[in-house]
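Presented below is the structure to which this report refers.
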Amino acid sequence: MAKFVFVTGGVVSSLGKGITAASLGRLLKSRGLKVAIQKLDPYINVDPGTMSPYQHGEVFVTEDGAETDLDLGHYERFIDINISRSCNVTTGGIYAAVINKERRGEYLGGTVQVIPHITNEIKERVLSVADDSLADVVITEIGGTVGDIESQPFLEAIRQLKGDLGRGNVVYIHVTLVPYLRAANELKTKPTQHSVKELRSMGIKPDIIVCRSELPLSKEMEEKLALFCDVEKEAVIQALDAPSIYEVPLMLEEEGLADIVLDKLGIKTGPPDLADWREMVERMKNLRYLTTIALVGKYVSLQDAYLSVAEALRHAGFYHGSAIEIKWINSEEVNCANTEDLLGSADGILVPGGFGDRGIEGKIEAIRFARERGIPFFGLCLGMQLAVVEFSRNVIGWRGANSTEFDPYTPYPVIDLLPEQRQLSDKGGTMRLGSYPCKLVPGTLAYRAYKKEIVEERHRHRYELNNAYRADLAAKGLVFSGTLPDGYLVEIIELPGHPWFLATQFHPEFKSRPNRPHPLFRDFIGAARKYKESRYS
């Protein structure tokens, strides 16, 4: 039978509950346990797929095509597992399921209420992850902050689960902030005390308190928190600000978090094997080089909108012994007159995915600059589509070439809506989503990176290269180095003769790991390193 760990947050949002949960997952896995992990999100959207990146940050896509919270990306990267759509549950999804059951008559004419119907549905989602994964431990993060009205059904459900499963099978971890008041030159424990009091008023007594803070807690403060929050002193865990999120698992291991969790769950394991993780962190702390990548997008004011891209770049940097400096370039500000000023110092240029026509011409201008100057270029999803548009306009000479997403009346619709998308009216969950195979052409950059013929990558798009123009594009030198195995859809394009110019219709960033960078990101940063060396040699 699986054991369950629930992670809640208090005082303020964005404390790092997701990093805490992911780090615990890594520590448990290092002890030989099979770990499953999920997030319960209190917003009423069914999923974040239609939410603005400014509201939510990036949408992380799973292997099975779920559009999920960005914390699931942390889970995959830290624990090195692929998780499924069942691992992200929202209030909207819960209510939709309950209402559908009511319409089908599954409640026998009863009055449908938050308790028991909504809470039972939540409990079923938590337990189903354990059943499907056959995990030893299931970690569940509850989004939001204790006291939020939206979180109440989730907190009630996890309260009930302790009674359903037995006390020895459930652990509650509460992540809080211990703020530092500069004027008083001291840390304050009162917000944590009040947060725990609020949580206990809902029937949940935390077993472990993880204290986020800028400065170390004194022994007296730990004892005070243990006394007022009614936990053992050893269960007051310090989580200091870290230079890198990848140091957090090692910091929490030193604090004894995993050992306390296992003791409370009655699980005995061998010692942790964190040698690879320690080696990676040590390598990360001793990077010898600096590589500058210009990321040209329209959501750059909120860098979480490109979280997986930024992490994948850093992973590749670790591999090459290089720190990565990301220049966040607003594509709306890029034009032919300022590309040198904005992009001239970059060792590589990356255009990520996105939607809508705002900032499109700036991205195309950035791609032109990379192509003409021989700067390594990497395009992702929309970045590939715009690379095709730029090539069509400026190499072939098709004036007005565009995607029908931005110009339905373009004379050269080199990017067009996928045929299966034409009859769809709903926006949510209707794109080409999830993992699909891609067949690579030997001798290309893509094949040299992957070193195999068939790869699987994750997608999130409605538009694709228009096959009516493939022959003309190829005749002018564009190489289609990756396609669906049947050859129907183009997945990767390249420009031979350029030091490194490659773009993908898929999102390789979602499969990168800190100790195993994605092959394309690895080779992109390698090319950027060579470009930088050639400039200064």
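For all residues, glycine too, the Cβ spot is worked out from N, Cα and C.
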Worksheet item: Of ARG104, ARG458, ARG462, ARG470, which one shares the L-glutamine site with TYR54, GLY354, LEU382, GLY383, MET384, GLN385, GLU405 in Swiss-Prot?
Response: ARG462
Discussion item. Centre the Cβ atoms of SER14, LEU15, GLY16, LYS17, GLY18, ILE19, ASP71, go out 8 Å, and tell me which other residues of that chain have a Cβ in range of the ATP site.
Written reply: GLY9, THR20, ALA21, HIS74, GLU141, VAL175
Worksheet, complete the sentence: Cα nearest ARG462 (L-glutamine binding site) among binding-site residues (LEU15, GLU141, LYS188) -> GLU141
Practice prompt. Measuring CA to CA, name the entry from the binding-site residues LYS188, PRO191, GLY354, MET384 that ends up nearest LEU15 (ATP binding site).
Written response: PRO191
Fill in: Nearest of the binding-site residues (TYR54, LYS188, THR192, LEU382, MET384) to LYS17 (ATP binding site), judged by Cα-Cα distance
THR192
Fill in: Integer Cα-Cα distance in angstrom, ASP71 (ATP binding site) to GLU509 (active site)
14
Fill in: Max CA-CA distance, Å, over listed L-glutamine-binding residues TYR54, GLY354, LEU382, GLY383, MET384, GLN385, GLU405, ARG462
23
Item to complete: Tally every other Cβ atom lying within 10 Å of the Cβ atom of HIS507 (active site).
Response: 23
